[in-house]
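Working notes for the structure below.
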Amino acid sequence: MIHFMKGCAIAASVAMGVLASSGPLQAAPDDGLINESSAALKGKKVAFVPIAMGFDLTEAWAAGLKLDAQRFGYELTIRDPNWSVDAGAQAISQLISEQPDVIVVHPPEIQAYTRLIQQANAAGIPVITVSLKADANGDVFVGPDWYDLAVKETESMVKFCGKDSGKSGKIAVMQGVLTNPTSQYGIQAIEATLKDHPEIQIVSNQAADWDASKAHAIASTVIKANPDLCGFIGLWDNMDVGIAAAIKEAGKQGQIYIASSGGGNQVSACDNIESGNFSSYVSYDAKGQARDLMMAVRAILQNKPTTPGEHSVGLYTPLKVITKETMTADSCWKLEDVKKFGP
Amino acid sequence: MSGRSITKLSQEKIVAIITIVLVVFFSATLHSFLTPGNILALLQNVAILGILGIAMALAIIGRGIDLSVVAIMAVSVAWVLQLNNNGVDLSQAIAMGFVLALAIGLINGVLIAYLEVPAIFATLAMGTAAYGSVRAVLLEDNLVYLKAAGDSWFKWIGSGQILGVPSPVMVFAVIALLAHLFLRFAVPGRFLFAMGDNPLAARATGVPIRPLIVLQYLLTAAIAFVAGVVMATAVDSMETRVARSNLVYDIILVVVIGGIGLNGGKGGIRNVLVGTLLIGVLLNGMTIMNIPYTLQNIIKSLILLAAIIIDALMNPRDEQTSQQGDI
Amino acid sequence: MAMRETLTRLRYRFVPDHILGEILAKSWIDNAIPVAILILTLCVLGSMIPGLVAVGSLLGMSAQFGELLLVVMAMTIVMLAGGIDLSVGSVFALANFVTLALFNMLGWPILVVIPVAILCGALVGLVNGILIGYLRLRAFLTTLVTLIIVRSIVDMFILEYAVKVARPTTLSRIWDFISFKRVLGMPVALIVCLAIAILAHLTLTRLRPGWHIMAVGGSRRSAFNAGLPVRRTIAMTYVLSGMLAALAGVFYASRLNAAGSDTGVGLEVLALTAAVVGGNSLGGGRGSVFKAVLGAIIILILSNSLLRLSLPTGGTSAVLGFVLIAAVAIDVKWVKHRDKLQTSVYVSPTFLALGKAPETAEGSASPYALNNLLKDVELIGLGEIDGPEDPILDAAGNLYCGTRHGDIIRFFAPDFTSKEVFVHTGGHPLGLAFDRDGNLLACVAGMGLYRIGPDKKITRLSDQTNRSWLSVIDDSRMRLADDLDIAPDGRIFFSEATIRFDMSDWMVDALEARGNGRIICYDPSTGSTRTIMDKLRFPNGITMARDGESFFFAETWGCCVSRYWFAGARTGQREVVIPDLPGYPDNINRASDGGYWLAMVGMRTPIFDMALQNPGFRKRMVERVAPDEWLFPNMNYGCVIKFDENGRITDCLWDSRGTNHPMITSMREHEGWLYLGGVSNNRIGRYRIPGGDPTWTAHASYRGEAR
């Protein structure tokens, strides 16, 4: 309770601080760039098409963009297709006809939006893709290197199940949506890494469409079919909790290793590491991505590319492996904090 | 006459025979199949599907269908978890979630009974509407974790054991027994058959059709809530997106494959058990054989198709007696 | 009091109550609900989203619209035949994948790829069709299973090839044209889709296969018993559905060039929603391509707007769900209550104040005084005929009359004991007349004006007249042609009693007392038909005056006889000759003494006269009381009167006991006899006219004035 009170007090004072500082901002002396750069953002239109709102990643990114929109007076519209690829495509085609100054896209699949991104570029609208890499680069990509991420996960798995571990070496892979870059590049990475470790074999490789309950059903049968299973490679925390529950149910927590990854949200990452639900976790720090995204949008708005899509910038997120040993108090971020104070 | 009794195989018997054949086949070919551990695991895997199947069976026997069971299950239980996580007392949270489930069931019933909207549309639309509005108004996230009540008795419902039998199987058994008793001995249960068989005749003989329909969907919602509790406590979370999945189709398959006709008025809980068992045996066997998920779906569907084709050949429908608008 | 009466009169004169019922009777009214929903959607969302209805915004949606409409049509066609096809979404995904795999990965020419993709859809449809049409499986379950199977197959392939199929290895100008080009501002998908929609509409409404689909959906059992190929028809709808869904998938491939596990998921629900919101009934028999188009537009605009409104997560689903509930609930209630509403609204009484009815009491000085002159009439064809409205005699003295069964019966002279069916018309022949060449002209109720030669050859002269602009009912059609006469110049003038009721309900027209009838002229020299007078209160009998320039006509509910000049100095003028009759006049025919016979089909009663001044009372009666309890004019008792050129009553014949001729609709004088007919009678009466000219015939009378 005292904690809570303290939190409130801090929140209030920070909020006041923000309010106070926003006042004299305009009266501050011109350093030769600041006025020009913030004026370039004013009145611009930014559109954001996530896969869906309502989960930690997109909420964090949106929180960042909202903060900037308020601060610099650009107009932010969020079109939420709620997991439907077709609705997302519809939203982007619609946006192309509305001509915003930049479109931020979170593509659910490698291919689905490729043509639309090209069309937007052709219509003179710069496109920023976030987190999931599409086949069309657009102008900026903000997100993790999925190959590297899967390599890191597999390496930690190898450490636990590999040679001299005394384990069976049987592992299972739980993919999300098959046409998603996490799967397309992730599977290549897992296979390439395991080439050097022939003692480890993949006994199950299935897709749960980012759905925890589906993951739970698949995982529990896999565990039963392979009683000596050594570990699971999962590709997203929100889905992998289903695997963790299946392991717990089978009474094998601690015996079956589970490597997960995600945006590093306190609830899905650090809490699960703490409780032993996940054994290791590769975080791509969605809070940091939110900041990268804010900056990418600012950069594009200030310096609009003459022919959008011609030169692409890749802002690959640094990855961080979290285990019980490496975890610190600030390994993770809290969504409510990001919403309140920005990334 | 004896020849006729041989040819007159009901779908339930056909499915039971297929199930037995499969069990024999798997036992012979897969050494880990016929072990007590595996059989219990098999049952546990299909317990939630079976509970939802019982809910669906009640709706179908009364010549309805409830496509909103999954949505009801997901949003009501997710709300319970969220309330509890936010500090509401567990029993109070459960009561509130249960009332939410019943409220959605009530709207279903009223739409179907009093506004005379066809059940398939009313529940299809209600599933979407209930998922959407609860998600938008009450829930903060798609995925709600079971945190606060993680160590209480509540958790036991989905992940405990009695004498080595997993608790979801026990819950399934209890619900099945209650539903069976209701259909067999309770007056509304008998009326449900009358209504499913011929609603107009039932109405003419004084069966209160409209209140009965409302009751039917209230029961469905209540059972769906129980299934949701089992699911959430088994997985430690509730993913509301399950409302948009194909799960409801699986539930219909379980019910129909057991031999409960979509026409209503026929069948019972035994049919659900048979259907659930077949699906359970199939899934378990295929999983041990390490058949991929999508291929499992195909095999499952082909077997269902075979079952309904055999049923159609054995009990052909007559052009003169089939009902108009019967899909 | 007079003030109030004036107000009532004006209110019923100027408020067109009858239009509501007439609108409800239109077949296009079935589209009213979806159109209303569409307008409502546009108004509500248009005010919330600026620029929603702008051209650019609509064009942005046009490619999706083409795909969605194809799938909705697929669903609609199956629904029209009484089924449902849940597999459309999976077929859509399959065709999308096949197109991309064959074109991008294997590099097949696009003109082969597209037909192969459509063929795949047709094959899935064929499986559905064989199972549901021929093996009689349940549509819902079967297509549910094919939905899952096809979806799983697609998923398996996607797992293997998703990335490869999306990387084109060949280029095709045709494919690029389909993918990117716009013709007349519309994407190719939309143009193809609209063309198919028109084709489908024509097939369903004009061609045999389409009619078979509608018949099977309307009543599968009746279609089967009528010998239609029910099973083949049903199977065919699924094949068509598969092909349409596959075509939509091809266009999707051209638009996005991507195959994902999400493609087409939930499309079946969206298509079903659109089809139902558009007003197509689940279970078949009611629906159209136009309804499918409406539904697709509504759903697309709705889902697109919801996306743009940036609702909180779940908001879109919530709104879509509630819209589906509302649409189906409204539709259900509409279908259930439309007929009820229409029947209760259709009859719309108006105000009519008749003048005081003349005295008819026996022994009074009134010209209408009751007597019993008709008590000893000879009866012809008793019990052998039904409904001889208007008997007539030819030059040879043979007697003709129409019957309710649609025949014209001929009784042979001289004793009329033997008879034959002269011709069969199909409708109820009412008024009859002979022309100079001995042809029999007949007004046939429900059909129009016909000519029957002495050789029994039937010729249709006219069955439609000019359509009046402001009439909601299609008044070009002849509903109740009643009586006719032929002018010396050969023109045929005939009355149509009412345009609002059919023959079986003719008496309900009395409750309205509105001028629903008209007099029509058919000119054989040009073959044209024109309405010359309308808004008449049940115009009935017509007969030529002896000046050759005018005719007399009776208005039954108006209880009056008027004269109308169609030629000469007074052309176009109308004059009421007898304003207030004691009963309801029917046919008029010439008498040998220079006067005119007039039949009274029934007598006025004070209570009905009073009811005519209380339209509200009659309206309530129609709405709340069963039709057989309604207050109708008295039709059980009538008479024959004779009037001269100035409208003076010169004779009156009654059957006071009502045993032989309680109701008289027509009479003909022939060689000193008066032949009596009644539309509800089973006999023709023959009355010897005291002092009647035994040589006079109508033919001679008409011939005498021939110029």
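Heads up, the Cβ atoms here are built off N, Cα and C, so glycines get one too.
Small disclaimer: the values here were computed from a predicted structure and weren't measured.
Long-range contacts of the transmembrane segment (B:14-33) within the same chain: residues 257-259, 274-275, 277-278, 281-282, 284-285, 288-289, 303, 307, 310-311, 314, each at least 6 residues beyond the stretch ends and with a Cβ under 8 Å from a Cβ of the stretch. According to TrEMBL, the feature transmembrane segment maps to B:14-33 (among others).
Sequence-distant contacts of the transmembrane segment (B:39-60), counting only residues of its own chain at least 6 positions beyond either end whose CB sits under 8 Å from a CB of the stretch, comprise 66, 69-70, 73, 119, 164-166, 168-169, 171-172, 175-176, 179, 183, 192, 196, 216-217, 219-221, 223-224, 226-227, 230-231, 234, 247, 250-252, 254-256, 258, 260-262, 264, 267-269, 271-273, 275-277, 279-281, 283-284. Taken from TrEMBL, the feature transmembrane segment covers B:39-60 (among others).
Away from its own ends, the transmembrane segment (B:67-84) comes close to residues 52, 55-56, 90, 92-94, 96-98, 100-101, 104-105, 108, 120, 123-124, 126-128, 130-131, 134-135, 138-141, 144-149, 220-221, 223-225, 227-229, 231-232, 237-243, 245, 247-248, 251 of its chain (Cβ-Cβ under 8 Å, at least six residues beyond either end). According to TrEMBL, the transmembrane segment annotation covers B:67-84 (among others).
Within its own chain, the transmembrane segment (B:90-112) is flanked in space by residues 64, 66, 68, 71-73, 75-77, 79-81, 83-84, 118-119, 122-123, 126, 130, 134, 148-149, 152, 154, 213-222, 224-225, 228-229, which lie at least six positions past its ends and keep a Cβ under 8 Å from the stretch. The annotation transmembrane segment is assigned in TrEMBL to B:90-112 (among others).
According to TrEMBL, the feature transmembrane segment maps to B:119-138 (among others).
According to TrEMBL, the transmembrane segment annotation covers B:169-193 (among others).
Long-range contacts of the transmembrane segment (B:214-235) within the same chain: residues 47-48, 51-52, 54-56, 58-59, 62, 64, 66, 69-70, 72-74, 76-78, 80-81, 94, 97-98, 101-102, 104-106, 108-110, 112-113, 123, 146, 154-159, 167-168, 171, 175, 179, 182, 188, 192, each at least 6 residues beyond the stretch ends and with a Cβ under 8 Å from a Cβ of the stretch. Taken from TrEMBL, the feature transmembrane segment applies to B:214-235 (among others).
If you look up TrEMBL, you'll see B:247-265 (among others) marked as transmembrane segment.
Beyond its flanks by at least six residues, the transmembrane segment (B:272-291) meets 12, 15-16, 18-19, 22-23, 25-26, 30, 32-33, 38, 41-43, 45-46, 49-50, 53-54, 57, 176, 250, 253-260, 299-300, 303 of its own chain at Cβ-Cβ distances under 8 Å. Annotated transmembrane segment per TrEMBL: B:272-291 (among others), in sequence order.
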